[in-house]
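Annotated in TrEMBL:
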type	residues	note
BINDING	9, 13, 37, 38, 39, 40, 56, 57, 89	substrate binding site
ACT_SITE	62	active site, proton donor/acceptor
Ligand SMILES: O=C(CO)COP(=O)(O)O
């Protein structure tokens, strides 16, 4: 079973919910397991998905997902970043993205890319 980590900054959470709604069939058909940072996870549950919720991003959620990536437990990351906002946990965000590259884990940072990745599952 593949695990996808999903994360969205506040300004991008509506787009994440829309993405999850639009891709429900494929995610269910492929038996995907979801993990998420705290608030993104709450929105994901509200959209009708089962999801393992980690800490909220600013409290270490990105770092927790980064650790899972380093341990080989995550096969894809969908991270809708808000490029127009500042984030106090920027170092954690960079660490997560860096570890995707270190471990060759597909990373989508916008819905157009995420759509292509999910179609390739
Ligand atoms: O801050 C985040 C990613 O950097 C997201 O965290 P939340 O899902 O808890 O809002």
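Heads up, residue numbers simply count up from 1 along the chain you see.
Backbone N, Cα and C define each Cβ position, glycine as well.
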Number of other Cβ atoms within 10 Å of the Cβ of residue 62 (active site, proton donor/acceptor) across all protein chains: 27
For residue 9 (substrate binding site): intrachain residues, at least 6 apart, with Cβ closer than 8 Å: 57, 80, 81, 82, 85, 87
Separation of alpha carbons, residue 37 (substrate binding site) and the residue listed as 'active site, proton donor/acceptor' (Å): 7
Sparsest-packed of the listed binding-site residues (37, 39, 56) - C-beta count within 10 angstroms: 56
For residue 89 (substrate binding site), nearby residues of its own chain (Cβ under 8 Å, 6 or more apart in sequence): 57, 58, 60, 62
